Amino acid sequence: MSSIAQKNRNYFLYIFYGRIFNSSDKTFFIIKKQLVIAPNFFSVDQKLICSSELFCGTACSRSLVVLYENYKKIVILNSPQFFAGLDSGRENQSPDGSVQGNGLKWMLFLCQKSKRTIFSNHSNLFQCPSVAIVLVLALVILGVLAAIPLTLMLTSSAQKMSTDSTDLTDYSIRHPKFWPKTDKIHFDDLGGIPMSSMFPPNVSTCSGFGFACTGAVHMVIPSSKRCDGFKDCQDGSDEENCKECQSVFSCRSHIEEDSKKKRKTKVQPTLICLTAERLCNGVQDCLDGSDEAMCKSTCSKDQFKCNGSNACLPLSAKCDGVKDCSDGSDENNCNKCQKGAHVSLVSRNIKHLFASHVCDGVAQCADRSDEQQCDCKTCSGSDKALCDDGTCIKRSQVCDGKKDCSDGMDEENCPGTCSIEAFATKVKRVTCSDGKDYTESEACSGVEESCGGSCSKCHPKLTFTCPAAGNAQKKCIKRSKVCDGIFDCDDGADEKNCTPVKECGIDNASQFTCDRKCVDASRRCDGVWDCEDKSDEQNCSQCASGSIKCSADKKCLPAYTRCNGVAECSDGSDELKCSCEECLGAHSNTYMCSESNRCLKRDEVCSPYSMCPNATYTDKAYCAALVLKNSGRFPY
């Protein structure tokens with residue numbers, strides 16, 4: 001987190017609406033309305049801060065304030081100049097009639113002290129006479145005395161109020177439509193949810209590194225993109241107040257054009273960073289015109305000329321990992337890189353990476369070497385995460401089911417996981433075509449279609465094995481897909497030797513019809529779905545050994561449906577009292593609730609709040625982050 005963002009947490013923004021009066025010896029303000037904006041919803045340009053003792057003492061500052069709503073800038077308030085959006089425009093006298101004052105005004109104060117200190121040491125603000133002050137003090141004393149019985153009553157009931165039996169559910173806006181029922185809301189829910197609980201212990205968000213955009217403090221860019229000549233922040237703040245440039249050319253002041261008056265004006269001299277595409281382009285960016293004075297038709301031996309431009313760059317800009325020329329010609333045909341740029345071999349061709357592409361969370365080298373040996377200085381940014389092994393990845397890759405860090409540390413202790421060390425080594429896993437890891441029993445039982453061709457051996461009872469022949473690869477399909485009229489095997493083996501439906505049961509009474517195919521009666525109630533409509537496992541008095549029996553429905557379920565997050569039995573008995581091994585050891589796309597024996601489908605655990613009974617902070621944080629991410633409002 002940036003220093004500005006950290007500092008803003010210690011401030012509250014007070015907005016007052018009323019009349020202010022000034023005289024030679026006093027200033028007072030009659031308040032009509034007051035609004036307090038909580039931290040993290042405003043941004044402050046710390047350069048413009050000035051102290052004031054009108055309300056909050058020396059801890060109060062008046063400065064440029066930017067208000068946000070859902071991370072979108074809604075208004076910019078400039079103080080100490082009053083925000084006169086609702087100015088009545090009338091002159092009014094002070095209460096004693098001696099001083100002329102302005103009309104209704106908005107006043108802004110960014111205060112570090114608590115709300116109760118706003119009027120401390122400023123009793124003269126309202127010009128109260130001493131008698132009135134005495135009366136106020138007397139009323140305060142009477143109030144304290146009257147509060148004693150109430151305090152005793154609350155103290156005696158404090159223990160009762162703090163127990164888990166206290167049900168705050170009626171006070172929450174939660175109306176569930178899906179199983180399970182709403183869990184009770186506790187006093188802990190009144191606090192904030194720490195987003196740090198979303199990340200594994202061996203993965204860092206590198207808080208405090210990078211540059212926070214002034215106009216959007218939630219947006220952090222890597223340090224490598226600060227003052228490089230490109231505006232990465234929407235407000236361009238990453239290219240302002242530069243002390244040193246990463247681009248090849250810089251100057252101390254520049255020309256700005258007034259869009260209304262169509263004239264160029266001189267601004268306060270400051271260091272600006274220019275890329276080569278802004279040199280010799282006919283636009284004077286520097287006050288002294290140096291960006292347009294270095295144009296030559298022929299460059300010297302110690303210079304490099306961009307293709308299609310008259311700009312001559314120093315040779316140090318060649319192959320330095322920074323795209324200075326608009327066409328990138330300064331970074332082409334590189335046999336050797338400078339300044340930490342990276343070379344990799346891809347498809348037998350030398351690929352030169354810009355410095356900004358190294359440790360950016362996206363592997364562009366075949367061996368992923370451009371994302372290794374990174375640190376928080378290089379892997380900083382609101383969309384990146386750093387593994388303990390030095391691998392830089394995108395935050396969206398954390399806890400996504402794929403192992404991106406060595407030893408899979410980015411998938412450890414994620415929300416919805418539990419400790420399975422006792423049997424983790426016994427569970428065999430298969431990497432399927434979608435890049436995710438699945439348990440072998442799940443991958444090779446035909447449940448996951450992306451795993452059909454990834455298994456060396458298919459489940460003998462639950463699946464049909466499509467043979468490998470020619471270009472056709474061996475794969476596992478569900479038994480219910482055999483003889484269903486659809487070719488699932490590449491060679492059509494699943495639709496061969498099938499009994500026509502019209503002949504089903506004529507010569508062999510031990511057959512029955514379902515889903516346009518014949519099924520042997522011996523396969524009824526065996527815990528395997530041979531029919532797509534699952535009718536072969538319904539109306540069963542007994543179930544085969546190893547299968548699951550739904551007593552309320554008289555149907556049999558395959559063993560792998562136990563604790564898979566889907567309630568197949570009408571009473572939900574197949575999903576009750578799930579263990580960690582049953583939930584995560586046998587399934588891959590499941591979520592184990594933190595403090596219950598409930599296992600849910602990971603993509604169904606939030607709707608939109610956590611469906612876990614007795615949901616913990618981690619369960620709620622997971623769903624809160626998911627909702628914000630899906631709505632495009634998550635700050636990375």
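The backbone N, Cα and C atoms fix where each Cβ goes, glycine too.
Taken from Swiss-Prot, the feature topological domain 'Cytoplasmic' covers 1-130, and the record attributes it to similarity to another entry. Per-residue pLDDT, averaged along the topological domain 'Cytoplasmic' (1-130), amounts to 40 for this model.
What Swiss-Prot records for 152-636 is topological domain 'Extracellular', and it gives similarity to another entry as the kind of evidence.
The N-linked glycosylation site feature in Swiss-Prot is assigned to ASN202 (among others); the stated evidence is sequence analysis. Reduced to three states, the DSSP call for ASN202 (N-linked glycosylation site) is coil. Note on ASN202 (N-linked glycosylation site): other Cβ atoms within 10 Å of its Cβ, all shown chains, come to 16.
The disulfide bond annotation in Swiss-Prot covers CYS213-CYS233 (among others) and rests on sequence analysis. The number of other CB atoms found within 10 A of the CB of CYS213 (disulfide bond), across every protein chain shown, is 23.
Positions annotated as disulfide bond by Swiss-Prot, on the basis of sequence analysis: CYS227-CYS242 (among others). Under the DSSP three-state reduction, CYS242 (disulfide bond) is assigned to coil, being neither helix nor strand. Other C-beta atoms found within 10 angstroms of the C-beta of CYS242 (disulfide bond) number 18, with every protein chain shown included.
DSSP assigns CYS273 (disulfide bond) to a strand in the three-state reduction. Within the same chain, the residues at least 6 positions away from CYS273 (disulfide bond) whose Cβ sits under 8 Å from its Cβ are CYS227, ASP228, GLY229, GLU239, CYS242, CYS245, GLN246, SER247, PHE249, SER250, listed in sequence order. Feature annotation from Swiss-Prot assigns disulfide bond to CYS245-CYS273 (among others).
Every protein chain considered, the tally of other Cβ atoms within 10 Å of the Cβ of CYS251 (disulfide bond) stands at 19. Annotated disulfide bond per Swiss-Prot: CYS251-CYS286 (among others), in sequence order.
The feature disulfide bond is assigned by Swiss-Prot to CYS280-CYS295 (among others). For CYS280 (disulfide bond), the same-chain residues 6+ apart in sequence whose C-beta sits under 8 angstroms from its C-beta are ASP291, GLU292, MET294, CYS295, SER309, ASN310, ALA311.
The feature domain 'LDL-receptor class A 4' is assigned by Swiss-Prot to 336-375.
If you look up Swiss-Prot, you'll see CYS359-CYS374 (among others) marked as disulfide bond. CYS374 (disulfide bond) falls within neither a helix nor a strand when secondary structure is assigned with DSSP, and so counts as coil.
The Cβ of CYS379 (disulfide bond) has 28 other Cβ atoms within 10 Å, all protein chains considered. Here Swiss-Prot flags CYS379-CYS392 (among others) as disulfide bond, drawing on sequence analysis.
Spatially close to CYS414 (disulfide bond) yet at least six residues away along the chain are PRO200, VAL398, CYS399, judged by Cβ distances under 8 angstroms. According to DSSP, CYS414 (disulfide bond) is assigned to coil rather than to any helix or strand. Look at Swiss-Prot and you will find CYS399-CYS414 (among others) tagged as disulfide bond, backed by sequence analysis.
Under the heading domain 'LDL-receptor class A 6', Swiss-Prot lists 457-499.
Following the DSSP three-state reduction, the secondary structure of CYS476 (disulfide bond) is strand. Among the features that Swiss-Prot reports, disulfide bond is placed at CYS458-CYS476 (among others).
Cβ neighbour count for CYS504 (disulfide bond): 16 (other Cβ atoms within 10 Å of its Cβ, all protein chains included). Among the features that Swiss-Prot reports, disulfide bond is placed at CYS504-CYS518 (among others).
Among the features that Swiss-Prot reports, N-linked glycosylation site is placed at ASN508 (among others).
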Positions whose Cβ lies under 8 angstroms from the domain 'LDL-receptor class A 6' (457-499), at least six residues beyond its ends:
441, 444-447, 451, 511, 515-518, 528-532, 558, 560
Report, as numbers and ranges, which residues of the same chain sit near the domain 'LDL-receptor class A 8' (542-579): CB under 8 Å and 6 or more residues beyond its ends.
179, 441-442, 445, 447, 462, 525-529, 534, 586-587, 589-592, 597-602, 604
What's the CA to CA span in angstrom from CYS251 (disulfide bond) over to CYS233 (disulfide bond)?
21
Just to be sure I understand, if DSSP states are collapsed into helix, strand and coil, how many residues of the domain 'LDL-receptor class A 8' (542-579) fall in each?
6 helix, 6 strand, 26 coil
Would you list, in sequence order, the disulfide-bonded residues among CYS286, CYS392, CYS458, CYS504, CYS518, CYS525 whose CA lies within 10 Å of the CA of CYS374 (disulfide bond)?
CYS392
Return the count of C-beta atoms lying within 10 angstroms of the C-beta of CYS518 (disulfide bond), excluding that atom itself.
20
In whole Å, how far does the CA atom of CYS525 (disulfide bond) lie from that of CYS531 (disulfide bond)?
12
Between CYS476 (disulfide bond) and CYS531 (disulfide bond), what is the CA-CA distance rounded to a whole number of Å?
17
CYS295 (disulfide bond): tally of other CB atoms within 10 A of its CB:
14
